[in-house]
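Below you'll find the structure, written out as C-alpha cells, and then a few comments.
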Amino acid sequence: MTTTDHGPDGGFRSGFACFVGRPNAGKSTLTNALVGTKVAITSSKPQTTRHTIRGIVHRADGQLILVDTPGLHRPRTLLGQRLNDLVRETWSEVDVVGLCVPADQKVGPGDKFIAAELAKLPRRTPVIGIITKTDLVPQQQVAEQLLALQDVMDFADLIPVSAVDGFQVGALAELLVGKLPFGPPLYPDGELTDEPEATLVAELIREAALEGVRDELPHSIAVVVEEMKPREGRDDLIDVHAELFVERSSQKAIILGHRGERLKQVGTSARKHIEALLGTRIYLDLHVKIAKDWQRDPKQLRRLGF
Ligand SMILES: Nc1nc2c(ncn2[C@@H]2O[C@H](COP(=O)(O)OP(=O)(O)OP(=O)(O)O)[C@@H](O)[C@H]2O)c(=O)[nH]1
Ligand SMILES: [Mg+2]
C-alpha cells in the first residue's frame, strides 16, 4: 500500500529553485543564508551578481539547488541585456521561482515588470513571493508589504524572511523543497556549489574591489583569474594571478589609489576570503588593466566570459 504523503524515493525531493528580483533585493545574501556558506558575493551596489550561481541546500527531506540570478532591470548596456537574457533562460529550467522584494522599499514598477515577465512563462512554474530584509522595518510594515505584494501576481505562497537575522530562512527552505518533484539527490552529499574555484576566486576579488567605490565604477569592474597553481615545491601555498579590468584610465587611477594603496587594500581583503575558501595560504598577484568600454563591446564581453 502506498500513502499519499510519501512519493517514490522515500518521499525525498530534489530540484531547482531560482531567486529573481530587482538589483539589490537581497537574492545573493538569501542564497548564502540558505546554503549556510558564501557561494555568491553580495554588495550594496546594484547588479552585483553577473552570472547564475548554484548553491546547494542539503536537507533530510530533499536537496534544493538554488540558482541565484542577476537582478532584472531595464538594460542600458549590452552587458545589461545579456544579464536579463540569462535570468529569463534560468526561469524555464527551474521547478520553483522565488520573487524577492525588499521590505524597506515600496512595491513598484520594477517588481511589476518582473511579475509580468514571469507570467509569460509557458510552463506554469509556481512562484513564491518573498519579502526580504524584514529586520530593517517594523512588523506592521512587513504586513503591509505582504498585502501590496499579493496584488502583483498570483503567488503559490508568500513569506517574509531576513537573511541577516535568520528569520524564517528554514521555513523558506521547507516551502521551496515542497515544490520540488520527488527524486534522488542530484549532487553528492556535502557539495555546496558547482562553481569552478577560479570563478569563486575572481568573484571574491571583485567583491573586495566593490567596497568603497561608487557611481558607475562598480559596473565597470570585471575580474579574470588567469592562473591558479601550487607554488613549486610547496603544498601550503597557491599562486593566484588575476587581472582586474576597468573601462577608462580615470577608473584605473581610482582603483589603484594614491601610490597603489587602494589596490593593496583590495588585495589584502580578497586574500583573506580566498584563503578561507580554499583552506590554504595564497599569494595574490593582482593587476589593473583597461578594457575600453567592455560593457558595450561584444568581443570583449566574450573574452570576459559573458
Ligand atoms: N538588513 C539586511 N540587509 C540585507 C539582507 N539581505 C541583503 N541585505 C543587504 O542588501 C544589499 C544587497 O544584497 P545582495 O544579496 O547583494 O542583493 P542581490 O539581490 O543579490 O543584488 P544583485 O546581485 O545586484 O541583483 C547588501 O548590502 C546586503 O548586505 C537582510 O536580510 N537584511
Ligand atoms: Mg546578487
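The backbone N, Cα and C atoms fix where each Cβ goes, glycine too.
Here TrEMBL flags 13-182 as domain 'Era-type G'.
Taken as a whole, the region 'G1' (21-28) shows an average pLDDT of 94 in this prediction. Per TrEMBL, the feature region 'G1' maps to 21-28.
Under 8 Å, Cβ to Cβ, and six or more positions away along its own chain, THR134 (GTP binding site) finds ALA103, VAL142, PRO160, VAL161, SER162, PHE167, GLN168. Classification of THR134 (GTP binding site) by DSSP places it within a helix. Residues or ranges marked as GTP binding site in TrEMBL: 21-28, 68-72, 132-135.
Within its own chain, the region 'G2' (47-51) has Cβ neighbours under 8 Å at 23-24, 27-28, 40-41, 68-71, 73, 79-80, 83, 86, 199, 207, 210, 218-219, 305-306, counting only residues six or more beyond its boundaries. Look at TrEMBL and you will find 47-51 tagged as region 'G2'.
For the region 'G3' (68-71), the DSSP-based tally of helix, strand and coil residues reads 0 helix, 1 strand, 3 coil. Per TrEMBL, the feature region 'G3' maps to 68-71.
Per TrEMBL, the feature region 'G4' maps to 132-135. A Cβ distance under 8 Å defines the sequence-distant neighbours of the region 'G4' (132-135), meaning residues of its chain 6+ beyond its ends; these are 21, 25-27, 29-30, 100-104, 142, 160-165, 167-168.
Taken from TrEMBL, the feature domain 'KH type-2' covers 213-292.
Only LYS27, in sequence order, out of the binding-site residues GLY21, ASN24, LYS27, THR69, LEU72, THR134 have a CB under 6 Å from ligand 2. In sequence order, VAL20, GLY21, ARG22, PRO23, ASN84, VAL87, GLY110, PHE113, ILE114, GLU117 make up the list of same-chain residues 6 or more apart from LEU72 (GTP binding site) whose Cβ falls under 8 Å from its Cβ. Of the listed binding-site residues, namely ASN24, THR69, the sparsest Cβ surroundings within 10 Å are found at ASN24. Proximity of the binding-site residues ASN24, LYS27, LEU72, THR134 to ligand 1, judged by a Cβ distance under 6 angstroms to any of its atoms, singles out ASN24, LYS27 in sequence order. Residue density at LYS27 (GTP binding site): 30 other Cβ atoms are found within 10 A of its Cβ, drawing on all protein chains shown.
Across the region 'G2' (47-51), DSSP classifies residues as 0 helix, 0 strand, 5 coil.
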